[in-house]
Every structure is written in C-alpha cells, then in structure tokens.
Amino acid sequence: MSNSIVIQTSSTVIEDMKQQYKQALSPKIPQGGIFMAKVPSCTITAYKSGKVMFQGGRAEAEASRWQTVSQTPKSTVKKSVNSHQYAPPSSIGTMSILGSDEVGTGDYFGPMTVVAVYVDAKQIPLLKELGVKDSKNLNDAQIAEIAKQLLHVVPYSSLVLHNEKYNELFDKGNNQGKLKALLHNKAITNLLAKIAPTKPEGILIDQFTQPDTYYKYLAKQKQVQRENVYFATKGESVHLAVAAASILARYSFVKQFDELSKKAGMQLPKGAGKQVDIAAAKLIQKVGKERLPEFVKVHFANTEKAFRLLKK
C-alpha cells in the first residue's frame, strides 16, 4: 500500500519545488493544480490552494525535504522574484563586489560546482577586456581561454560537489536548493577569509530561490554571511563578479565532466534530454546499476527512463 502525505506551503516554495522537479514534470496537471512531477517511487502534486501531495513508497522521504521550508508563512502580497529587501543598489555595477554562481544543477551527469569571485572596482575594465560575460553565451573553448586568465587575475573559491556525495546528501533530505545554498555560503565564507582584511562593498548571489528561503536552508550553519548580501536573478548581467564566477564554475564543471567521461569509458552527454537517457542506459549496462550514483544525480527522472529503456 502506497503512502500519501499532504503539506501546506507558500506559493514561493511551490515555485521552488517546481524548479527543483523540472526534470520530472508531468504534462498532466489535475484541476486546481500547479504541477505534477514523478520521481522514483513518488508522485508530487502541487495545488493552487498551497497544498502539496506526495504519493508512493518514498512519499515520506520526499515530503521531509520540504517540511521545514513549508513552514514559511504565506505572503498576502504577490511579489516578483526580484522584489525583496536584498535587491542590489542601482550603482552595484561599478562597486567592488564578491559574486557567486553555480553550474551543473540541471545536468544529469556530472557534479555541481559553485565558485565565488572577488572583483575590485579597478579590475572591471580588465575583466571586460578579457571578454568576461555570462558563461551561457560562451562555448567551452572560450570558457577555457578566459578562465585560464581569470585564475591569475581574481581571488576565488571553487567548490565541487561530486555525484556520490550529492546523492548521499540528497538521500538525507537535502533538496537541490539547500545544497546550492550550503555551497554558495561556504564558497563566500572561504573567499572572505582569503581576501581579509579586504572587505567587499557587497556580496552578490546569483539568485536561485527567494532570499528568505536561502537563509532558512542555512539555519543550522555556524557561519552565515548576511552583511551587505544582495540577490539578483541573471546576476552575471548585474556585476562582472558573478559573470566571472559563472565562467570559473563552468570551467571547473567541464574539467570534472571530462574526467567522469574517462572514468565511464564513454563520452557522457550534458543536460537531461533523451540522449542522456540513452547514455545512462548504456552506462548501466557497462558498469552496473550499483555504480550509477558515481556518475549521475539519481533523483532526476532520467534514472527511471534509462531503466525503462533497458527493459525494451
């Protein structure tokens, strides 16, 4: 008999959940629903009323990932994602800023990488000269070329959460949003210690969730950075520190990804599309399902799809 658990939460958390489960979203949405997602042994259905239902063998485990966050009081005023007290000042683009960004969260294969970079205001013209901009607009060769120069120009802190550890932490009830928050905070803390006694005029985090949710994720951490911290979506266009962090995070991710392909003995594809399902099925045949957590983010829907391909 399958379990069924219902939690009441805010629209902000439901949006965060939809983002976290984006690889597992179902085209079927029940009446009054916002989304339905299917992950291994659990179906998640979120409703406009704020209720979220978890059904299946892993209902309790999946619901527990969201229960502390779900205690956030519901906002009576609908706000835009960038409408909060942590919005950066309009002059931030010319300030000395510590910026952080992450890469690899939407890729089934490969780790999650987070990098924090400090850019002194005097270095902004140099970074522009080097071609620093959003890494999504650069190919891997351009990323490598710019990153190799950046490594000698800006102070940085780079963290890699490898797949085995990622899956272990996820199974302990840490959703992807929380893992990102922990890594951003750690990278920022590491870099502040590295550049001391220099203090940035501000810290800009490329926003992946509402700031209040970010700080809830960090509730049990001893060191949490709160002073002059700003959040903005598309942070790489707000300050070059985030753009530089994005480039170094991508550079690190690509290097780790190449190593993982060597370990797998086959070229692993990026992303989470159909070609990834096929590659995952081949990898399971090659190394066995027991070793899959060394290469992938197991909770992605691709895992179930790969096993379905093997049954055909």
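Keep in mind that glycine also has a Cβ here, set from the backbone N, Cα and C atoms.
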D101, E102 bind divalent metal cation per Swiss-Prot; candidate in D206, D212, D258 listed for that same site: D206
Same-chain neighbours of the divalent metal cation site, Cβ within 8 Å of the mean position of the Cβ atoms of D101, E102, D206 and not counting those residues, run in sequence order as S100, V103, V114, V115, H184, I205, F208, G235, V242, A245, S246, A249
As a test of the contact definition, list every same-chain residue at least 6 positions from D101 (divalent metal cation binding site) whose Cβ is closer than 8 Å to its Cβ. V114, V115, D206, G235, E236, V242, A245, S246, A249
Count the other Cβ atoms sitting within 10 Å of the Cβ of D206 (divalent metal cation binding site), across every protein chain shown. 25
